[in-house]
Each structure stands twice: as structure tokens, then as C-alpha cells.
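Database features, via Swiss-Prot:
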{"type": "DISULFID", "residues": "64-124", "note": "disulfide bond"}
{"type": "DISULFID", "residues": "166-220", "note": "disulfide bond"}
{"type": "DISULFID", "residues": "267-313", "note": "disulfide bond"}
{"type": "DOMAIN", "residues": "45-139", "note": "domain 'Ig-like V-type'"}
{"type": "DOMAIN", "residues": "144-238", "note": "domain 'Ig-like C2-type 1'"}
{"type": "DOMAIN", "residues": "243-329", "note": "domain 'Ig-like C2-type 2'"}
{"type": "CARBOHYD", "residues": "67", "note": "N-linked glycosylation site"}
{"type": "CARBOHYD", "residues": "101", "note": "N-linked glycosylation site"}
{"type": "CARBOHYD", "residues": "113", "note": "N-linked glycosylation site"}
{"type": "CARBOHYD", "residues": "165", "note": "N-linked glycosylation site"}
{"type": "CARBOHYD", "residues": "304", "note": "N-linked glycosylation site"}
{"type": "CARBOHYD", "residues": "308", "note": "N-linked glycosylation site"}
{"type": "MOD_RES", "residues": "422", "note": "phosphothreonine"}
{"type": "MOD_RES", "residues": "434", "note": "phosphoserine"}
{"type": "SIGNAL", "residues": "1-44", "note": "signal peptide"}
{"type": "TOPO_DOM", "residues": "45-374", "note": "topological domain 'Extracellular'"}
{"type": "TOPO_DOM", "residues": "396-442", "note": "topological domain 'Cytoplasmic'"}
{"type": "TRANSMEM", "residues": "375-395", "note": "transmembrane segment"}
């Protein structure tokens, strides 16, 4: 069963009709229901709006919208329930409110130069039966008014811990502070103070500095919804440090020190502040008499073995002192190589031949084979020569034994054959008596 909700004026009329006499009561009720039928109802209509977030000093836009409007009256009220606009009429005398659009389905109003005091709920009302109401919340963002960075000491010494503070004042909501040293993010400790809906944030950073931090920026960067881009401030660190000492040998260029050579060393010292004094000393001994000192340079001419030792360069400034050592060792002078001789050449040639054999194994094998062949041939030749010698000896002995017989045969053909026979007999008798041989061999 549907119920009809009467406006407050209709409810009063109904109460009066109930107190009237019965005949008049019926007439008043009929008149009342007829009047209620002429008032628009909220059936099918929907009033809606959206919240607004705006940065201080900018423009906020408030829109009251109606779906399926039947030309009902729309009005806008401020947080104090004062009417800003009734339809297209502005009862409130605040020129910052301006009508942007008015129709049966929308009432759109702008608020310029928004301040923190404008924050709150704004109400949209639709005059239906029953009336509808919706509200929008305006949130005002306030960026930090001032960003300050404060460093405990303008000039620090390496190894010292310093305090750095960064303050973001009067923001809404509270600001988030981030710390950077160069490109490295660091972690600080923040404290928030609230005053009259505004926030002041102070972040503290404890930083131990080193010589590498000299000239490096310390950056305080804020993050806030009212800030676009990077809002930051920075301070450059100034760090003092003791000297850094390095010894460089400028002569001899090859780096090997020998007797008779010269030595030149240069001491490089870098510090902050710049070292005011650079000195050379010889550790555990006196500096050679022939050594020459000229500022950061040490020059020793005509080196000898007595110059061996450790040479130290010392540098100092107001922060401290440092040193670097150079150990000198003098080598013997280079020996003179004698010119090559015939013997040396022969030895070199022999060595080269051996290396060639070792490098190529096949050449060695062929040489061995050739050596074996020559030995065999030499042996054969020797045997042949020996055989020929033996043959000659045998032939010589043979001819020597048969020499008389040869002459005897030659003599047989002669007239004195008898004498030849006598010679043969004597020859066969041997050679024991040389006189007998002379007697028969005429």
C-alpha cells in the first residue's frame, strides 16, 4: 500500500480539517488531497553531486545535477546553510560565486580565489515531495609556504658528523620530506606541528662526511599533492681533509735505476686546504750529499749503491699530515757484450745445426740413414782394398818363388841346355847358401 507524504503545510491543514464539524471536514479533506496532487513528487528523480579538491587560490566548481528532471527547483547552500543560489538567483552577497550553468537538470557554480576558510560541505537541494538533498565536500590544498634548509657547520672536517635540518612551513596536508646526497637517497627523522589546520614539518638528517663529499649537494625535496614537479632546496658540502700524497718517478723513463744514472722524483700532494709544506726525507738515514731538493722535486745525480734506501715525501695542512714512500734500489750498470769471434761463429753454427735437427725429426732420421749408408759403403770399399792388397802380396810372393823356374824355361830353348839344367837343380836346392846360388846362376 502506497503512502503519500504531505508537505508540512498540508499536514497542518489536515489537522485543522480533523477538528472541523463532520460536513465541513469532508470538504476540507477533498480540497487538501486535490492541492497535494499538484505538488511534484520525487519519484524517478535523482539528485547527485561530486566532491571537489582545489589548490588554494584557484577555482572550485560545484555542480548539482538531476536525472530525469521534471523542472523541480534546485538550490545551493554553503556550509553555514546560507543559500548561495536559488535557481538562477544569488541571495548571498559574495561575488566570488558565479553562475556557470542553470537548467532543469543542473545548477553549476564556480568559486574563485579559494581559501582555507572555504573548505567544508556544500548542500544541493531539490524541491520535490519529499525534498531531496545531497552534499559535496570542498577540500583545499595548501602547498608549503616556505622551504628552508639549515646546516650545522658551513665547513666540516672529514670523519665529522654534522646535523642538517629542513623545514616546510604552513602546508595542508602535512608535507613529506626526502633527503638526497648527490643521487643517493638518505633517511631523516621528521616532526610535524599543527596550528590552525596548517602543518609545519621539520626533518633532521645526521650526516658523517668524508673527503669525497666535498662539493656534493645535500638536497631537501618535498612531496605534496598541491606541488607539481620537484620543489627542493639544497646546500653544498664543504669538507676539509688532510693531504693525499703520491710520488711519481719522472726520470729515468724506463723505471730501472742503475749505477751512474740520474733519478728524479716528483711529490704530488692534494688536500683541503692545499698543503702549505712539502718535504723530502730519507728514512733511517741522511739524505745523500749529491741530492738536490727543489720544492716537491727530488733529484739525485750519478746514482751508486750507497743511495739505496727509502725516500719519503711528507705534506701537511691544518687538518693533518700524510706521507708516501719510495724505495730506491740501484742496479749494476749494464755489461758490455764483446764482439763476435771465429770460435763464436763456429759454435753458433753448430748450435744452429743441432736446433734444426731437434726442430725437424724427419731431417734427423734422413741424416741417420745417410750416415748408415756411408758406413756400409766405406766398409765394403775397405774390404775390397784389403782384398786387393792381399792379392798383390800373394802374387808378389808367388812371382818371387817362381822367378828361377821362369828363367830356366826360357833357357831350355837355347844351345846351352846342360847349363840350364844345372841352374834348375841349384834353384830347387833352396837358398840356404848364397854362394852356391852365385855359382850356378850365371
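Using N, Cα and C of the backbone, Cβ positions are placed for all residues, glycine too.
It should be emphasised that the depicted structure is a prediction, and the values quoted were computed from it without experimental measurement.
Shown on the structure are the features that Swiss-Prot records.
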residue : record                      : CB count, 10 Å
64      : disulfide bond              : 24
67      : N-linked glycosylation site : 10
101     : N-linked glycosylation site : 12
124     : disulfide bond              : 22
165     : N-linked glycosylation site : 15
220     : disulfide bond              : 25
267     : disulfide bond              : 24
304     : N-linked glycosylation site : 13
308     : N-linked glycosylation site : 13
313     : disulfide bond              : 24
Of all the recorded positions given, namely 67, 101, 113, 220, 313, which is spatially nearest to residue 165 (N-linked glycosylation site) at the Cα level?
220
Nearest by Cα to residue 304 (N-linked glycosylation site), of the recorded positions 67, 113, 267, is 267
Using a 10 Å radius around its CB, how many other CB atoms surround residue 166 (disulfide bond)?
29
Taking the Cα atoms as reference points, how far is residue 64 (disulfide bond) from residue 101 (N-linked glycosylation site) in Å?
10
Residue pair residue 267 (disulfide bond), residue 113 (N-linked glycosylation site) - Cα distance, angstrom, rounded:
68
Rounded distance in angstrom between the Cα atoms of residue 67 (N-linked glycosylation site) and residue 124 (disulfide bond):
14
Give the number of CB atoms, excluding that of residue 113 (N-linked glycosylation site) itself, located within 10 Å of its CB.
11
Reported in the order helix, strand, coil, what are the DSSP residue counts of the domain 'Ig-like V-type' (45-139)?
3 helix, 53 strand, 39 coil
Secondary structure of the domain 'Ig-like C2-type 1' (144-238) by DSSP, residue by residue, totals 3 helix, 60 strand, 32 coil
Cα nearest residue 220 (disulfide bond) among recorded positions (101, 113, 308, 313) -> 113
Return one of helix, strand or coil for residue 313 (disulfide bond), based on DSSP.
strand
Which three-state DSSP class does residue 304 (N-linked glycosylation site) fall into?
coil
Using C-alpha atoms only, work out the spacing between residue 124 (disulfide bond) and residue 166 (disulfide bond) and round it to an integer in Å.
44
Of 101, 113, 308, 313, which is closest to residue 166 (disulfide bond) if I measure between C-alpha atoms? They're all recorded positions.
113
Can you give me the average pLDDT across the domain 'Ig-like C2-type 1' (144-238), rounded to a whole number?
96
